Amino acid sequence: MTTDPTTTARPAFPGGTILGYPRIGRRRELKKAVESFWAGRTDAVDLEIAAGTLRRDTVRRLVALGLDPDDGSVPGSFSYYDQVLDVVATLGAVPARFRDLIDPDDGSLEPEGYFTVARGRGEDAPLEMTKWFDTNYHYLVPEISESTPISFADHRVVREYAEAKEAGVTTRPVLVGPVTFLALSKAADDAGEGFHPLDRLDDVVAAYADLLRALAAVGAPWVQLDEPALVTDSLDVPADRLHAAVNAAYRTLASGLAAATDDEAGERPAILVAAPFGGLEPDGLALLAATDVEAIAVDLVKGSVPATGPVPGLATKTLVAGVVDGHNVWRSDLTARLDVVDALRPLGAGAVAVGTSTSLLHVPHDVDDEVFADAAPGRTGGTTLDPRLREWLAFADQKVGEVTVLARAVTQGRDAVAAELTASSQAVASRVTAAGVVVPAVRERAAALTDADFARGPYAERAAAQAARLGLPPLPTTTIGSFPQTPEIRRARAAWTRGELADADYTAAMRAEIDRVVELQTALGLDVLVHGEPERNDMVQYFAEHLDGFAVTANGWVQSYGSRCVRPPILWGDVQRPAPITVEWSAYTASRTDKPVKGMLTGPVTILAWSFVRDDQPLGDTANQVGLALRDEIADLEAAGIAVVQVDEPALRELLPLRRADQDEYLRWSVGSFRLATSGVDAATQVHTHLCYSEFGEVIGAIDGLDADVTSVEAARSRMEVVPELRDAGYSRGIGPGVYDIHSPRVPSAAEVTELLQLAVKSIDPALVWVNPDCGLKTRRYAEIEPALTHLVAAAREVRATL
Ligand SMILES: Nc1nc2c(c(=O)[nH]1)N[C@@H](CNc1ccc(C(=O)N[C@@H](CCC(=O)N[C@@H](CCC(=O)N[C@@H](CCC(=O)O)C(=O)O)C(=O)O)C(=O)O)cc1)CN2
Ligand code: MET
Ligand SMILES: [Zn+2]
């Protein structure tokens, strides 16, 4: 049945809506419940009770913050681990190696089986994990083939709708849409030549249709299907195939099923298709408007809609204007945001509702969970924030408030919210002139930079000087920096942050940990040692705590993957380094060994990517400020006798713009800021960099452009495929392809590591090859890394002997 094109839209979400809400809990309740369950301290019933409490508290809070409890404005966006894995579970589309985990009676996969697919078991590798669009959130990559079972198998979505309804709130279940789900999937190992997961679109859409029927049967008025695949051209699916898939999927789902109306139950809820993380240009909006879905959510923070005239089909739909930024923490300039909403008028939408640009998953819960004090921000784990920031910030709860204010302005006129508009303008204005936002000395230094500040001497000279200084064997062995963050380390830091452990005692505890790590590396026979990073709560937060221009939070947790969280720092002002940061730790380490010690820093792009960044100047300018601070740090490390310095850039690929047209400019400034940080050193000082979590393909040229002497990259899971790619791109400096997958508790055998290493030395000049794990070891346990590194060193020796 198709909708009569002459009917007008039933205005949806007049009180405003959000595309999703954090699910980890204000005090990481879900993390704690899930990790207790994994450890066997609690059972599945305890877990479900904890999660159910969290879900009910969440929907009630959203109502208390002003969202309508009855019309589907409150999103049902809970997940135990990951929203893409949720679709895998819903469809029963698990890889063959895990199919025994599906309950034969009801087709469900929870909870043990669900987590097993995410985390692996024995020799069964978990689903691969990768970045969710341009965020620091990681999703699990589904594996699909011709024979993957696909049906509406697991009914958790329906149960959670009913649970919220019982608690008095009519939610709008949120799912990754069928096209994005398949576009992000990879072909399973058993798939035939030329198979693409999108070949299974009809089956997936049929399962979604059954899911929609089930939601309609319990009375759900709305469902939200997220289709961010529409805003990127970085997927391996050509735009015309993607568009055809969207057309086909929503023809079946929206036109093929009868929609519920105010008076009549239908076969499906009304459908909101959301396109977060970028603009729908050039023709994504027209494509969606031509379907029979009831509402479309567009990202008007990262993207814009050229309002040149009426869009065919939009007159019967609600356009959800994503004007409140779901991906950054600045308080909105409400007047400016209203102007953006007003500018949509020529599009001829049946109704316009106010929303967020993305799910609020990517921001912390609540500014009011922070303590603000007039005193200077606290030390590590800082518990107090500069009070000026309170006025400038909006976390998830504040953003819900902004949405409701904007919605009132849209429905009742700006006068109805005059006081809120004034307060917002004042907050925005106070940021512009606040001390520390613009620091003339920082500006002058950046303005004086010349090309020479971005370049080192010729590589051949550097390589010769470094070889003479370091005297390393062929296939030198090293690690990526961090060693296990043990509960003892975390406890010591927590006590120190609370003021219960004196500075000297904390330093002594961390030095003792460094001693342990040095002894272990010496016993293992590694060639270039690290200090193990025990003193770092996080590789970005730690630096932010030591740089002017950043603030850090006490409770601003954001989910990164599964139960793992980060507290992204807030970069609000010009960046300066008041004092050396890592030099004492590295110098102490060097004093404990005769082997070379690698200094360890996080690069400018990664510091920006994993912080909330200021939005009042080009990111490239901010990157150069961070680059200069790191340049000074490296000069100090060099002066302290450190001969090798690693500057990590795991997020280089993450910030790559989703649209090709924007990528060159990004690569210019990002590579530039790294070179600014690292090019001040002597030829005999060896600069390393490290990248992980990436499809490197699109940034291969940029990796070369970093001009590091040695680059370590994640490579074990992809069996070294990046090595020939780098070689073909002309890369001819040191390369450390990871030979130990640290994302899994599994210990690789010496034979496996040897095999990977042999692959590497076959693809590129063996004189360039380093031997190292895929990434840092902080999430692993000593019981895992000791045998694994033993095997790594043994493999290096074996392959060395064959060169
Ligand atoms: N920012 C960032 N993004 C990244 C990565 C990264 O390393 N950093 N790596 C990639 C993968 N992402 C990751 C993200 C987080 C973690 C991680 O291990 N997070 C830890 C928290 C790290 C942290 O902030 N630790 C603090 C606080 C630790 C803590 O929870 N303390 C307890 C108290 C400790 C005790 O008494 O036992 C508490 O506050 O309740 C510290 O060590 O000081 C976790 O979720 O458990 C790992 C990888 C990509 N993105
Ligand atoms: C996510 S990249 C991590 C690099 C860091 N040096 C570490 O070893 O943990
Ligand atoms: Zn890494």
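Even glycines carry a Cβ here, placed using N, Cα and C.
Database features (TrEMBL):
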{"type": "ACT_SITE", "residues": "His743", "note": "active site, proton donor"}
{"type": "BINDING", "residues": "Arg28, Glu29, Leu30, Lys31, Lys131, Arg564, Cys565, Trp610, Glu654", "note": "5-methyltetrahydropteroyltri-L-glutamate binding site"}
{"type": "BINDING", "residues": "Ile480, Gly481, Ser482, Glu533, Asp648", "note": "L-homocysteine binding site"}
{"type": "BINDING", "residues": "Ile480, Gly481, Ser482, Glu533, Asp648", "note": "L-methionine binding site"}
{"type": "BINDING", "residues": "His690, Cys692, Glu714, Cys775", "note": "Zn(2+) binding site"}
{"type": "DOMAIN", "residues": "17-345", "note": "domain 'Cobalamin-independent methionine synthase MetE N-terminal'"}
{"type": "DOMAIN", "residues": "475-797", "note": "domain 'Cobalamin-independent methionine synthase MetE C-terminal/archaeal'"}
Exercise. Check the recorded positions Arg28, Lys131, Cys692, His743 for any whose Cβ is under 6 angstroms from an atom of ligand 2, and report them in sequence order.
Key: Cys692
Quiz prompt | Listed in sequence order, residues with CB under 8 A of Asp648 (L-homocysteine binding site) and six or more positions away | solution = Ile480, Gly481, Met539, Met600, Leu601, Thr602, Gly603, Thr606, Thr689, His690
Practice problem: Identify which of the binding-site residues Glu533, Glu714 has its Cβ surrounded by the largest number of other Cβ atoms within 10 Å, counting every protein chain shown. | Solution: Glu533
Self-check item: Average pLDDT across the domain 'Cobalamin-independent methionine synthase MetE C-terminal/archaeal' (475-797), rounded to a whole number
Solution: 96
Practice problem: In whole Å, could you give the widest CA to CA gap in the L-homocysteine site formed by Ile480, Gly481, Ser482, Glu533, Asp648? | Solution: 13
Self-check item: Distance [Cα-Cα, Å, rounded] between Ser482 (L-homocysteine binding site) and Cys775 (Zn(2+) binding site)
Solution: 8
Quiz item: With the L-methionine site defined by Ile480, Gly481, Ser482, Glu533, Asp648, which remaining residues of that chain have Cβ atoms positioned within 8 Å of the Cβ centroid?
Solution: Thr479, Val530, Met539, Met600, Gln646, His690, Cys775, Gly776, Lys778
Quiz item: Which has the fewest other Cβ atoms within 10 Å: Leu30, Ile480, Cys565, Cys692, Cys775, the binding-site residues listed?
Solution: Cys565
Self-check item: Number of other Cβ atoms within 10 Å of the Cβ of Gly481 (L-homocysteine binding site) across all protein chains
Solution: 26
Exercise. Over all pairs in Arg28, Glu29, Leu30, Lys31, Lys131, Arg564, Cys565, Trp610, Glu654, the listed 5-methyltetrahydropteroyltri-L-glutamate binding residues, work out the largest Cα-Cα distance in Å.
Key: 28
Exercise. Across all the protein chains here, work out how many other Cβ atoms are within 10 Å of the Cβ of Lys131 (5-methyltetrahydropteroyltri-L-glutamate binding site).
Key: 19
Quiz prompt | Cβ-centroid neighbours of Zn(2+) site His690, Cys692, Glu714, Cys775, 8 Å, sequence order | solution = Ile480, Pro650, Leu691, Tyr693, Ser712, Val713, Gly738, Asp774, Gly776
Self-check item: Distance from Leu30 (5-methyltetrahydropteroyltri-L-glutamate binding site) back to Glu714 (Zn(2+) binding site), taken between C-alpha atoms, in Å
Solution: 29
Self-check item: Secondary structure at Leu30 (5-methyltetrahydropteroyltri-L-glutamate binding site), reduced by DSSP to three states
Solution: helix
Self-check item: Listed recorded positions (Arg28, His690, His743), ranked by Cβ neighbours within 10 Å, top entry
Solution: His690
